[in-house]
Amino acid sequence: MIPLTFLLSTAPVLTSALDFSAPSDSSQQQNPSLVTRGEGFIRSPLNVLPNQAPPKLIKGRQNEVAIENQFTGTRYGVEIEVGTPGQKLTLILDTGSPDTWVNPTCDTANVPDDCRTFPVYDWRKSSSLNATRATDILVYGKGNATIQYVRESVKLGGATVRNQVIGVALESHDIPLGILGLSPPIRGVNEYPYILDTMKDQKLINSRAFSMDLRTVDSPEGALIFGGVDTGKYIGSLAKLPMLDRNQTPRGADRYYVTMTGVGLTYPDGLVERSQELEVPVFLDSGGTLSRLPRPIYQAFASSFADTQYDPSTGFYFLDCDVADLDGSIDFYFGNKVINVPFNDFIWHVQGYCVLGVLPDDDGEPVLGDTFLRAAYVVFDQDNRNLHLAQAANCGSNIVAISTGADAVPSVTGRCTAPPPRPTSGNNNLDVTAERGPTATFTGVGPTGIDIGPGPVATRVSGTGPLGINPTGQSGAGSVKLGWWGAAVAALVMGLMM
């Protein structure tokens, strides 16, 4: 057993003040500081600028949208523009919910002061707004939002998505930022065209697919690429994992579920411990700060480190922060593919504390959140219902377009090479079947005023009104009919999603 530490530096800030133009001849050599265009994608460079406020983020067929690690790994966000002229907003990147919405209520947010530092969308200033009478109450793992649907122009990186249906919050609770939802429809049927649907329909991307690279906590700058794969961001091959059907998931929800076949640890002295073979359905959720796993796995991880202290009020296991940069990892197995999450990426550093990046899953939906995703390069292919996983790395950039059909995601090997292997010895002695009690209890005052992400959307109640935006008599935008998509939203047939 070993103590861990998790040290983070202040994250650099990204800006979205970019020139999205490009020379018509993309074959010519271009200044790397300019936006470059290739067949089927648009790539926007990142600008790192000083920041005096909490970190925000950015960036965009294959559209690359920069992701920035906000508040030392607490959440990840994407900067977009909404309306005409465009209004820049920062949204939480969420692969656990399908809806995109803006304007949380800061007075009832879990971190109100943080919420107020971000800009809000003013629909009165947009000439492209078309409001509807459709409303929804979205309930997440933590927090909720009552939204009114509108059609608006949404710009991600270098591409503008026209007439996209998004929500404008009438009120919300415990959520400090709006959400960019990229999950499949939770009930298996679209309630309306989500942002990936519209991007494909408008031929901005070839398939409903995107890749995500959150990056490590020490290098918080990452990327979200719609319609593309960056071979400069991972090691080896991409393992194709089939998404589980709804009837195979724990609660019947259609999410990015795959089967995890084992867990383990690699210690600094080279010892590798692995569990027995498992069949645990887990879904990959960028909106969850921490992972949530069956209690015996959670307890096995905690008992593998010395001097852990259990906080019964939160479920956190606090670790000793005296040791930094230990060369070890928490390991996750998916058939023949293993993702090694370095200790410093799996441990959540918050307000001077080091917290093990996992909580017990007591709700029946195991989640691999940001504490896992920081070490994984993931391609989400909704059209073919596959996830593709590789070990994340960084050796430049080489974006390859995702095409169409059964083999839309290219089978390309990552350009990065693994570090030289160190001597290891292994066993299968990590028992994740027995429950273990904590050896010590935390008696101090833990972190306060923190945001650990909304978690996956759980329920939806659809209706009409009361409205915050009048669908008629607007300057520059009249009422709009959503067609059969809108009927699905507005009708009171959705009920609970679960």
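Just so you know, glycine gets a Cβ as well, placed from its N, Cα and C.
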Could you pull the disulfide partner of CYS321 out of CYS354, CYS395, going by TrEMBL? CYS354
For the disulfide-bonded residues CYS321, CYS354, which one has its C-beta crowded by the most other C-beta atoms within 10 angstroms? CYS354
For ASP285 (active site) and CYS354 (disulfide bond), the CA-to-CA distance in whole Å is 22
Distance from ASP94 (active site) back to CYS354 (disulfide bond), taken between C-alpha atoms, in Å: 24
CYS321 (disulfide bond) to ASP94 (active site): how many Å between their Cα atoms? 30
